[in-house]
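Here is the structure we will look at, set down as structure tokens.
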Amino acid sequence: MTEPLDLAIIGFGPASLSFLIALHDHSEEPLKNKKIRVFEKLPTFSWHEGMLIPGSNMQISFVKDLATPRDPTSYFTFLNYLHSHGQERLSGFLNMSTLEPSRYEYHDYLCWAASHFSKFVEYNANINKLHYDAATDLYIVGHGDTQWQAKNIIITTGCQPYIPPLYKSVDSPLIVHSSKFMSDHSQKLLRNSKHGILVVGCGQSAAEIWKHCHYSLDPKTPLAMCFRNLAPVPSDSSPFVNSLYFDSHNSHWWYNLPTEARLKGLSVGRTTNYSVVKESLLEEMFKECYLQKLRYGQEFHQIMGDTDIQSIKNEGDHLVVQLTSQMDKSKKPETRKIDVLYVATGYDHESFDVLMSSLFPNSQGAQISEEYCVLNAPSKQGKVYVAGITSNQHGIGETLLSWAAIRAGGLAKELFGPSKPTARVPASYLN
């Protein structure tokens, strides 16, 4: 092994990218003066690329980018990204009078920012080993036969697609998680569909997939979005609710609440982000269903609440699913042939759990401080930090883009001390 790293960062998504930006902006220049390495399992930077559906927009303001909430004068703000591509690009965006850019453009912004830090990133490095070496008081990270020593660790592995056991038990390329929706394989299945398509889920991803399929398919090719809830639920994006759950300074309040009160409060706030759909999209979907009945006398493209998939059979070139009602037991099960089953069932933190189990082999859970530090990590000198996985402690916004910049600044301060003010100030001759 080579000389120990001062800091190893596991995972290269918005959380770690915003942290690198905070280090770039830090007055002590840790990127220049310290040995820092990022390890990413993918061959290149990417962020939810499989959901870059044409016409889909971000659900947060572009001002909540990788840098602006921490330092609006940073080079890496979204507005400067636009400006760096020319005045016409900046003017064009401003002329749209929108706070929510397209998902495609925001992904391009993230890739633009990431391209500046390529010398610090080890791609194709799926870190699946993390343990502590007491003899050297260092952490060891590794993938395959390659290992690195590090004094400090930041874990930003993000989330991984979750596929429920029923769907996972059926070995078929016709079952596609929403994270792969825009892949070539998925889009070929969509284009060639004859029997029909089924989307499982009741959140934003499921609704966006249904909408894209609706406009892509023949109007009479069967399409359904099914879920257990009675009806799709609109997301709560009112300003008071946004302030409570998504303003980063409220993490202090959430973290210091008694556990029972905090979990109850977070449960109430699930309608801001989990299994909900933007109201404008729900209105569009309802209108399209109405127009189908008007034109064809029935809905070929359906929204099916109170519906569960009881069984799935793999018939080679298609699937056969049995749909049942959860509440109306008098309703007979329905059998459908489908060409593709899109599973929009969310994500979990499996990669983080694997790393934590290797660091704490005796099933001892990680104790996370308000500053995102693992308090019971074994090193005497170094520290382990986590980001993007502590919503139960810090609040719902902790896993979202809107907190990334502020949290990154806090982590930079924790590891390398406070940064001297670098913001532009008015010239001395001004009053």
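Backbone N, Cα and C define each Cβ position, glycine as well.
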Same-site residue for FAD (record: Swiss-Prot; known: GLU40, LYS41, LEU42, PRO43, THR44, PHE45, SER46, TRP47, HIS48, THR399, LEU400, LEU401; options: GLN59, GLN381): GLN59
Among LYS64, LYS119, LYS129 - the residue Swiss-Prot places in the same substrate site as ASN242, SER243, LEU244, TYR245, ASN273, SER402: LYS64
Per Swiss-Prot, member of ARG191, ARG228, ARG262, ARG295 binding NADP(+) alongside CYS202, GLY203, GLN204, SER205, ASN273, TYR274, SER275: ARG228
Assigned element (helix, strand, coil) containing THR44 (FAD binding site), judged by DSSP: coil
DSSP state at GLN204 (NADP(+) binding site), helix/strand/coil: helix
Lowest local Cβ density among HIS48, LYS64, ARG228, which the record lists as binding-site residues, within 10 Å: ARG228
Cα-Cα distance linking SER243 (substrate binding site) and SER46 (FAD binding site), given in Å to the nearest integer: 29
From binding-site residues LEU42, THR44, HIS48, LEU244, LEU401, the one whose Cα lies nearest GLY203 (NADP(+) binding site): HIS48
Site of maximum Cβ density within 10 Å, from binding-site residues LEU42, CYS202, LEU244, LEU401: CYS202
Which same-chain residues, if any, lie at least 6 apart from SER402 (substrate binding site) yet have Cβ under 8 Å of it: ILE60, LYS64, PRO69, PHE246, SER248
